[in-house]
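Asker: Swiss-Prot lists these features:
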ACT_SITE  Cys80  active site, nucleophile
ACT_SITE  His165  active site
ACT_SITE  Glu167  active site
BINDING   Ser217, Gly218, Gly219, Val220, Asp221, Ser222, Val223  ATP binding site
DOMAIN    3-189  domain 'Glutamine amidotransferase type-1'
DOMAIN    190-380  domain 'GMPS ATP-PPase'
Amino acid sequence: MRPVLVVDFGSQYSQLVVRAIRECGYYAEFASPSISAAECLALSPIAIFLSGGPASAYKDNAPKLDEEILNCGIPVFGICYGFQLLAQAFGGSVKKANAPEYGPADITIVNKAFFSGQPDRQTVWMSHGDSVIRAPKNFCILSTSQDAVLSFCNRDRTIAGVQWHPEVKHSRFGKHTIKAFLSSFAAPNWDPEQTICGTVDSIRKTVGCKRVLCALSGGVDSVVAATLTHRAIGDRLRCVFVDHGLLRLNEREQVEEYCSSLGLNVSTYDASDCFLSALSGIRDSEQKRKVIGREFIACFSKLQERFDIKPHFLLQGTLYPDLVESGATPGGATIKSHHNVGGLSDNLGFELLEPLKYLFKDEVRKIGLQLGIPKHIVHRQPFPGPGLAIRIIGEVTNKKLSILRAADAIVRHELRDWTDIWQCPVILLSDVQSVGVRGDSRSCGFPIVIRPVSSDDAMTADWYRLPYDVLARISGRITNEIPEIVRVVLDITPKPPATIEWE
């Protein structure tokens with residue numbers, strides 16, 4: 001499949017560029033700014049998108065694209081910094097803006113090249129401190145503001161760019177613009193629901209006659225990965241659900257029940273004592289993730305002996321956002337380790353099989369429904385592999401886990417019908433003693449944080465506006481039913497700047 005390459009220059013929105021292109025029906029993946037023209041041509045891309053970034057295109061140390069790529073005949077579209085790079089490369093002028101623009105801005109379309117059917121005046125999302133003040137010679141100016149060029153293209157419309165961020169939902173017509181550019185060169189080639197056969201074939205070819213051990217978490221990602229792999233290799237897949245003692249209330253029983261209904265051969269391994277012992281005394285969130293990753297691998301080594309299986313591959317439900325946040329994409333910075341990416345030991349003893357690692361959550365859900373997985377499983381709220389360990393701020397103990405499980409169960413019960421909430425982590429601030437009043441007497445206890453968010457893909461998120469009466473009912477139940485908790489607070493921070501999980 002010919003990709004659209006997204007060269008990532010460090011924009012906070014780069015992942016959204018990939019997602020927006022896929023939503024337009026074209027397969028997209030990241031490429032490093034260091035990619036050479038020869039490497040690029042070998043991939044036979046439909047087009048190349050240049051992302052935004054924090055650098056200034058006119059500075060000597062600014063990251064650049066191999067200029068031979070611009071002469072290869074491959075269509076190129078620049079966004080923000082990428083737009084400024086194109087202006088600089090073709091003889092235009094880029095300078096520090098009189099005033100930086102961050103947030104919504106009004107633009108005027110003066111040429112409909114890629115804006116057919118769009119209003120002449122529209123609001124877009126800006127995030128830049130530099131501006132293109134002169135377009136390259138023989139380029140057509142497509143939109144302007146009072147003192148800057150906001151978009152342009154060359155005469156044959158194969159080189160184009162915009163100063164704003166069409167990938168951000170606040171740019172209402174952004175995806176229309178992206179699709180208008182791409183459709184000039186190729187028909188759509190991406191539908192996640194149509195990739196099932198290709199993924200099954202790829203798994204079959206990769207695995208050959210070997211065996212696969214699945215680290216089943218019970219979430220939609222691992223269930224879809226297991227279902228696809230089972231289609232590919234049948235009973236040579238062995239699924240193991242590791243109870244690490246960090247699960248939510250009754251989660252083990254629920255996972256066993258619905259995995260059985262899907263026909264998956266699942267064995268449960270209780271490793272809670274091992275995990276809790278390894279986590280003893282650890283307060284740092286990154287260290288928790290690393291320890292949990294190592295313990296998982298240790299578990300799988302023991303499982304080979306217990307169940308007399310000698311798998312070559314370890315199957316995981318790693319997704320594209322996991323790779324991005326772990327810095328595993330070209331040029332990516334590490335935001336936090338994921339137990340199924342950066343938290344794994346270098347000496348696995350297994351070869352990783354990650355059939356979903358280039359997919360977003362919504363794409364996995366579409367595939368899950370196509371596979372016939374029940375809707376309530378497909379739309380289950382995401383739950384991190386390290387479980388409640390990263391929702392306890394401080395050391396993890398059995399007592400704290402019991403408190404958090406009870407609070408989490410209350411929140412999930414009260415929000416069971418709120419299907420448009422992407423996720424609602426419940427966090428125990430176990431290193432904080434908060435003062436309360438009970439029975440006319442002073443009391444002390446833990447604060448609990450609830451964090452309901454709305455999102456499309458977990459790359460960005462906004463806090464969910466729950467009605468006050470729902471919040472009051474949640475707070476009342478938690479403080480009345482769990483004596484160790486004296487305070488309930490609401491996290492109203494979007495992502496960015498905060499991640500969805502606290503740790």
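Every residue, even glycine, has its Cβ placed from backbone N, Cα and C.
Since this is a predicted model, take the numbers as computed values, not measurements.
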Asker: Tell me whether Glu167 (active site) sits in a helix, a strand or coil according to DSSP.
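Answerer: The three-state answer is coil.
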Asker: List every residue in the same chain as Asp221 (ATP binding site), at least 6 positions away in sequence, whose Cβ is under 8 Å from its Cβ.
Answerer: Gly317, Thr318, Leu319, Leu356, Lys361, Val364
Asker: Can you work out the mean pLDDT of the predicted model over the domain 'Glutamine amidotransferase type-1' (3-189)?
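Answerer: A mean pLDDT of 94 is what the model gives the domain 'Glutamine amidotransferase type-1' (3-189).
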Asker: Could you state the CA-to-CA distance between Gly218 (ATP binding site) and Cys80 (active site, nucleophile) to the nearest Å?
Answerer: 40
Asker: Looking only at DSSP and grouping its letters into three states, which state does Val223 (ATP binding site) belong to?
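Answerer: Assignment for Val223 (ATP binding site) reads helix.
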Asker: Determine, using Cα-Cα distances only, which of these recorded positions is closest to the residue listed as 'active site, nucleophile': Glu167, Ser217, Ser222.
Answerer: Glu167
Asker: Measuring Cα to Cα, tell me the gap between Val220 (ATP binding site) and Glu167 (active site) in whole angstrom.
Answerer: 26
Asker: Please report the Cα separation of Glu167 (active site) and Ser217 (ATP binding site) in Å, rounded to an integer.
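Answerer: Cα of Glu167 (active site) to Cα of Ser217 (ATP binding site) measures 32 Å after rounding.
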Asker: Output, ordered by sequence, the same-chain residues six or more apart from Ser217 (ATP binding site) with a CB under 8 Å from its CB, or 'none'.
Answerer: Phe241, Val255, Gly317, Phe383, Gly385
Asker: Using the recorded ATP site (Ser217, Gly218, Gly219, Val220, Asp221, Ser222, Val223) as reference, state which further residues of the same chain have their Cβ within 8 Å of the centre of those residues' Cβ atoms, listed in sequence order.
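Answerer: Near the ATP site, the remaining chain residues are Leu216, Val224, Ala225, Gly317, Arg380.
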Asker: Restricting to the chain of Val223 (ATP binding site) and a gap of 6 or more, list residues whose Cβ falls under 8 Å of its Cβ, or answer none.
Answerer: Leu216, Cys259, Leu262, Leu264, Gly317, Gly368, Ile373, Ile377
Asker: Fill in the CA-CA distance, His165 (active site) to Gly219 (ATP binding site), as an integer in Å.
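Answerer: With distance taken Cα to Cα, Gly219 (ATP binding site) is 33 Å from His165 (active site).
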Asker: So for Val220 (ATP binding site), how many other CB atoms are inside 10 Å of its CB?
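Answerer: Val220 (ATP binding site): 24 neighbouring Cβ atoms within 10 Å.
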Asker: Taking only same-chain residues 6+ apart in sequence, whose CB is under 8 Å from that of Gly219 (ATP binding site), what do you get?
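Answerer: Residues satisfying the criterion: Gly317, Arg380, Pro382, Phe383.
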